[in-house]
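This report concerns only the one structure given below.
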Protein chains: 2
Amino acid sequence: MKQLEEKILAEGIVLSNTVLKVDSFINHQMDPVLMKEMGKEFARRFQHKKITKVLTIESSGIAPAIMTALELEVPMIFARKRKSLTLREGLITAKVYSFTKKEENEITVAEKFVSPNDQILIIDDFLANGQAALGLMEIVKQVGAKVAGIGIVIEKSFQDGRQRLNDAGIQVESLARIASLENGKVEFVKEEALAGGM
Amino acid sequence: MKQLEEKILAEGIVLSNTVLKVDSFINHQMDPVLMKEMGKEFARRFQHKKITKVLTIESSGIAPAIMTALELEVPMIFARKRKSLTLREGLITAKVYSFTKKEENEITVAEKFVSPNDQILIIDDFLANGQAALGLMEIVKQVGAKVAGIGIVIEKSFQDGRQRLNDAGIQVESLARIASLENGKVEFVKEEALAGGM
């Protein structure tokens, strides 16, 4: 998505070879007009999938997910993150390990909001190792519902999350795919590489 | 806001004299169309205030805040919540005590996103004792910016948060004002009471 790539080039801050800071428009301060455009784009890319619900994880996934759900005219659910849970009644849970924070969280969704008939679109802000997306997929699987696709705002294509999700046979759509952050510079995956089935 | 009151009556679950559960459309599963309408309504009620930024707190404030920011065409910022912080560089912090969870959190906003010239609209999902709103106001005050108003989705008018914010001289607009949850029944503040300057 050109508009997002341009914003990343203009405002993204490369902190290291693996870390891109986008807190001026994605995950602390947010650009609502860009969020709306991203929601439209996700809706367009998954319009053939008969999505019944959008699922994300707090906190940074909520804005792109609500905009996508608005376009698709379906409810949105956000999974909650907790260090560990004592009360599990009525909750579906999965474990998610964060490589960045080096900690494991439990993510939860209330059972009553997901049914086996649901076709679920998972939305998240970042895809790196795929742990959050795999945790959300695990939750959908436990209910017997279907993961209709995964929409990612920014994919770090140099990490292995995308491959893991592809291996699971899921349609993954990332609005910006970053090939490299080396030498303090953002490089996107080239269109030709994409067309070649990268 | 009639549409919200009707939704609360249809789907809200009264858990006790002080607790109303709205997790089917506000703070776990979300109704994106209702969120959009609420954003429009907040924008309408504060349209004369020359808002430059919308500020909220993760996680449940994000959806109504992004919809409000979209209508007002200004950036949105969400404060992050942490048990306690070690690194504070570049952050504005305030303490927020949660009566529900009986714990104190620090909330933080990156300094660089708020300037003394900002006219800030604070948005949150619930107003009970006003702790979250007062914490957000404290952050705005530390930068020397102005709180232009506070928009609340659901106000528990039988608790003292509203009075505290009124005492601070702030325009508070709540889309639903709950007078009582006694006997398992939701009662809204009556229009006449409002007109009388309650």
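Cβ atoms here come from the backbone N, Cα and C positions, even for glycine.
Unlike curated entries, TrEMBL annotations are predicted automatically.
Over in TrEMBL, the protein carries these features:
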- A:Leu20, A:Asn27, A:Lys156: xanthine binding site (BINDING)
- A:43-157: domain 'Phosphoribosyltransferase' (DOMAIN)
- A:Ala128, A:Asn129, A:Gly130, A:Gln131, A:Ala132: 5-phospho-alpha-D-ribose 1-diphosphate binding site (BINDING)
### Summary
For the binding-site residues listed (A:Ala128, A:Ala132), most other Cβ atoms within 10 Å of the Cβ sits at A:Ala132
### Assigned element (helix, strand, coil) containing A:Ala132 (5-phospho-alpha-D-ribose 1-diphosphate binding site), judged by DSSP
helix
### Message
According to DSSP, does A:Asn27 (xanthine binding site) sit in a helix, a strand, or coil?
### Response
coil
### A:Leu20 (xanthine binding site) versus A:Gly130 (5-phospho-alpha-D-ribose 1-diphosphate binding site) - Cα distance in angstrom
16
### Summary
In the three-state DSSP scheme, A:Leu20 (xanthine binding site) belongs to strand
### Query
Apart from A:Ala128, A:Asn129, A:Gly130, A:Gln131, A:Ala132, which residues in this chain have a Cβ no more than 8 Å from the mean position of the Cβ atoms of those residues at the 5-phospho-alpha-D-ribose 1-diphosphate site?
A:Phe99, A:Phe126, A:Leu127, A:Ala133, A:Leu134, A:Gln159, A:Gly161
### Summary
For A:Asn27 (xanthine binding site), the nonlocal same-chain Cβ neighbours (under 8 Å, six or more residues apart) come out as A:Ser59, A:Ser60, A:Asp125
### Task
Please average pLDDT over the domain 'Phosphoribosyltransferase' (A:43-157) for the predicted structure.
95
### Task
Quick one: pull the CA-CA distance for A:Ala128 (5-phospho-alpha-D-ribose 1-diphosphate binding site) versus A:Lys156 (xanthine binding site), whole Å only.
5
